[in-house]
Each structure stands twice: as C-alpha cells, then as structure tokens.
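Taken verbatim from TrEMBL:
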- A:53-161: domain 'Ferric oxidoreductase' (DOMAIN)
- A:12-33: transmembrane segment (TRANSMEM)
- A:53-70: transmembrane segment (TRANSMEM)
- A:82-100: transmembrane segment (TRANSMEM)
- A:112-133: transmembrane segment (TRANSMEM)
- A:153-170: transmembrane segment (TRANSMEM)
- A:176-193: transmembrane segment (TRANSMEM)
Amino acid sequence: MIVDRINRATRRVPAWPIYIVAVAIAGFQFYQGLTGALGPEPINALEREYGELALKLLIAGLVITPLRTFTGVNLIKYRRAIGLSAFFFATAHLAVWAFLDVRAWSRVIEEIIKRPYVTIGMAAFVLLIPLAVTSNKASIRAMGANWRKLHKLTYPAVLLGGIHYVWLVKGWPAEPFIYLAVIIALLAVRFKPFRFQRARA
Amino acid sequence: AAGVGLVGSSAYAQDALTPNSKSDIESYNNFYEFGTGKEDPARNAGKLDTSNWTIAVDGLVDNPGEYSLNDLIGGLTVEERIYRFRCVEAWSMVVPWNGIELADILDRVGVQSSAKYVAFETVVQPENMIGVQRNVIPFPYVEGLRLDEARHPLTIMATGIYGEPMANQNGAPIRLVVPWKYGFKSIKSIVRISLVDEQPPSTWNLINAREYGFYSNVNPNVSHPRWSQATERKIGGGLFAARQDTLMFNGYDEVAGLYEGMDLATFY
C-alpha cells in the first residue's frame with residue numbers, strides 16, 4: 001500500500017531540515033531583493049513573498065489532520081516544524097513591512113489601528129505568538145489537554161490571514177480568493193456535523 | 001510609428017526630475033488586460049496587435065470618424081514631458097513621455113460647444129489578452145475627463161517613452177497621460193475618444209465607487225479607504241529606499257484652479 005510506504009518513509013525522514021529550508025528560502029529571497037531579481041519594487045515583492053509563504057505553510061499545517069483521517073497518511077511529526085516555519089515567515093513579513101516599508105513606529109501603530117486589513121493581519125500574528133511559544137515538548141507536557149485547546153487558535157489565525165490577503169487586493173485576482181477558499185474548506189471539514197456524516201458513510 | 005520623435009522640448013518638461021530607467025518603466029506595470037501581477041504586462045503584452053491601429057472619434061464633434069494614428073496626430077507637435085507618475089497603490093515613477101497635447105487633437109476633431117466631457121476606451125483583443133479571458137475586471141476599460149481637464153496643457157496623449165515608441169505594456173500605440181491624477185486615469189491603448197455632455201463612466205469607479213472617484217486627483221490628504229495616500233515609494237530605489245511624501249496634485253499645483261470651489265474630499 002502506498003499509504004504504508006509513505007508512513008514507513010516518514011520514520012526515516014526527520015523534520016529538522018524543514019527549518020533549514022525555510023531559513024534558506026527567506027535568505028535567498030532577501031538576496032534576490034538586493035540584486036534586483038524581485039523586480040524594480042523589491043520591498044513590496046518581498047513583503048508579499050514572505051506573507052504568501054506564511055499562508056501556504058499555515059495551510060499545509062491544516063492539511064495534516066484531514067490527510068490522516070481521509071487517507072491514513074500520517075505526517076504529524078512534521079507539523080511543529082511546518083507551524084514554526086509559518087510563524088517565521090509571518091514574522092519576516094511583518095518585519096519587512098515595519099522596517100523596510102513603513103519605517104516609523106508612529107506610522108506602524110497608526111496603520112495597525114486605522115487600516116482594517118493591517119489590523120486583521122496583526123491580529124493573526126498575535127494569535128500565532130502563544131502557539132509558537134508553546135510549541136515545545138515541555139509545554140505540551142505541562143499544559144496537558146489545555147495545549148490542544150490553545151492550539152485551536154490556529155484556526156482563527158489562518159482565517160484572519162486569508163481575509164487579510166483578500167482585503168488588500170484591487171479587483172478580482174484569483175490567488176487570494178483561492179487561498180481563502182482552501183482555508184475555509186480546511187476549517188469546514190473540522191466541524192462536527194461534517195465529521196459525523198463522514199463516519200456513517 | 002507616427003508621433004514618435006522629438007520636436008522641441010516644452011516649458012512643462014521638468015528637468016529637475018530624475019526619470020526611472022527604461023527597464024523600470026517597462027517591467028512594473030498595471031495593465032489588467034494582461035494580468036493582475038506587476039510583471040504580467042511585460043510578460044504578456046507582446047501579443048497585443050498594434051498594426052493598422054484606428055481610433056473611433058464620435059459624439060459631439062465636427063469631424064467624427066475612424067481615424068488612423070497618422071490622421072489623428074500626424075503633423076502635431078510631439079514633445080518630451082518628464083512627468084511624475086503616481087499610482088493609486090502608493091508607488092510612483094518618473095517617466096519621460098513623448099506625446100502630443102490632447103487639446104491639439106481635440107482641436108483637430110472639432111469639439112462642439114455642447115460637449116462637457118471626453119470619454120476614452122481601451123482596445124479589447126480577447127485572443128491576445130489573458131486578463132480579458134479571465135475577466136479580472138469588466139472590459140473594455142473606460143475612462144473620462146472633464147473637458148477643461150482634457151484641454152489643460154499638462155494633459156497629453158503619449159506615443160513614446162525615452163524617444164522611442166512605447167512598449168505595449170505601457171499602452172502602445174497611444175495612451176492618455178494626466179500627471180496630476182492617479183495612474184489608472186491615464187488610460188492605455190486607446191481605440192475610442194467620445195465627446196459627451198454627461199460625466200462618462202470610468203472603470204475603477206464602476207468597480208468600487210467608494211474607493212475610486214471620477215476625479216481621482218493625487219491628494220495626500222484624502223486616504224484611500226484601505227490605505228494612506230500621504231506617502232509613496234518611488235520605484236527603482238532598491239530594498240532600502242524610504243518612502244517620500246506625496247504632493248498635492250502630484251506636484252502640479254497649476255491645475256488647482258480647475259477645482260476651485262470643489263470639496264476634494266467629496267469629489268475624490
């Protein structure tokens with residue numbers, strides 16, 4: 001069975017390279033920004049690259065549970081690395097915005113308060129902070145059942161991230177709406193009524 | 001192509017401005033007919049067919065008809081105009097346009113006294129335009145100006161950049177340039193000019209009237225509902241370029257008289 005083969009292979013493939021790849025990608029994109037490979041407006045391009053990667057990784061983290069329930073493929077050992085990498089890119093996205101784009105604390109605060117799409121993005125980031133802080137074995141042990149409850153904050157965080165993206169675009173480009181649709185679908189499969197129906201089928 | 005080449009430099013050419021490189025100007029564009037990404041127009045606009053270009057001139061004019069480029073602008077004075085270009089998305093460039101004052105073209109077609117506005121329309125070539133196939137916004141793209149705005153000497157119809165025919169992604173073979181308004185007013189690849197007596201529709205205003213008004217004058221004091229217009233980033237400054245303050249009317253104060261008595265927060 002292909003599922004068993006994948007699950008057996010995951011025993012041999014560790015999760016730690018995900019961190020190295022994430023940092024390497026971020027570094028490479030920054031280098032591209034410096035050398036002009038991101039086009040003549042690299043600040044906006046880098047902001048967008050980091051933001052999209054944060055969203056992609058958050059979505060990847062949301063895929064893992066339904067993937068296991070629906071197909072039996074178990075990638076759960078990679079979830080922490082995926083989640084922390086998402087947080088890393090969200091931090092990089094925020095840093096580019098604050099330090100390269102806006103560049104003044106007063107204006108950063110003003111934008112967060114006055115611009116709803118910024119407010120939402122910031123809220124998503126704030127929700128991710130406790131998750132990143134508690135993503136270690138000691139916290140899991142110390143918090144017990146509360147850890148699982150706390151980490152459900154991922155759901156509103158990803159949803160806000162998706163809305164943040166849709167809210168800032170002009171017109172109807174496909175990409176942000178595809179992200180949001182995927183996020184909503186991945187959250188929907190977690191609802192009880194849906195799970196119940198599937199169990200009977 | 002007709003209309004390209006320098007026949008004198010105008011008093012309006014602003015030598016104090018440093019133009020962006022040709023590659024900046026040709027690689028960072030909004031032209032939704034060719035996709036919504038900034039790099040999409042450069043990638044996709046090569047397919048635009050600009051051969052045998054004609055422009056329909058209709059409405060309240062003495063000489064309506066289907067004009068070839070040469071019929072419309074041949075013999076008129078082409079000038080270099082180095083203008084600031086400010087996008088509603090809060091980025092900017094400086095572009096050395098080559099073009100003809102729109103007023104000269106209007107005189108050639110003979111505007112009737114009942115006309116109050118000029119309406120423009122962009123070409124639609126679905127087979128050559130990936131953005132049109134995907135319907136990212138309603139097409140054809142349309143824009144308009146009040147007649148006094150259209151006749152202002154700063155308002156030009158550009159056919160070239162840096163003394164060469166402009167690239168398709170910049171709006172070849174002929175486009176409007178209104179330097180004191182947000183870039184989307186400067187409609188590209190024009191195939192129709194209509195003189196009308198009522199305010200004509202404009203595409204972004206149709207899509208979202210709260211965010212994009214008919215006038216759309218550059219105004220640092222009136223925010224876009226979603227973002228500030230107080231500052232802008234000039235394209236091409238690299239990763240560490242700071243934003244610069246946006247100027248009222250994009251620095252073209254001489255147009256202020258056109259809006260005397262109008263509340264620019266209402267008529268945004």
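Cβ from N, Cα, C; glycine included.
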Among A:53-70, A:82-100, A:112-133, A:153-170, stretch most in contact with the transmembrane segment (A:12-33) (C-beta, under 8 angstroms): A:82-100
Recorded stretches the transmembrane segment (A:53-70) and the transmembrane segment (A:112-133) touching, at least 3 CB pairs under 8 Å: no
Within-chain partners of the transmembrane segment (A:112-133) [C-beta distance under 8 Å, separation at least 6 from its ends]: 83-84, 86-87, 90-91, 94, 139, 150-151, 153-154, 156-158, 160-161, 163-164, 167-168
DSSP-derived helix, strand and coil totals, residue by residue, for the domain 'Ferric oxidoreductase' (A:53-161): 98 helix, 0 strand, 11 coil
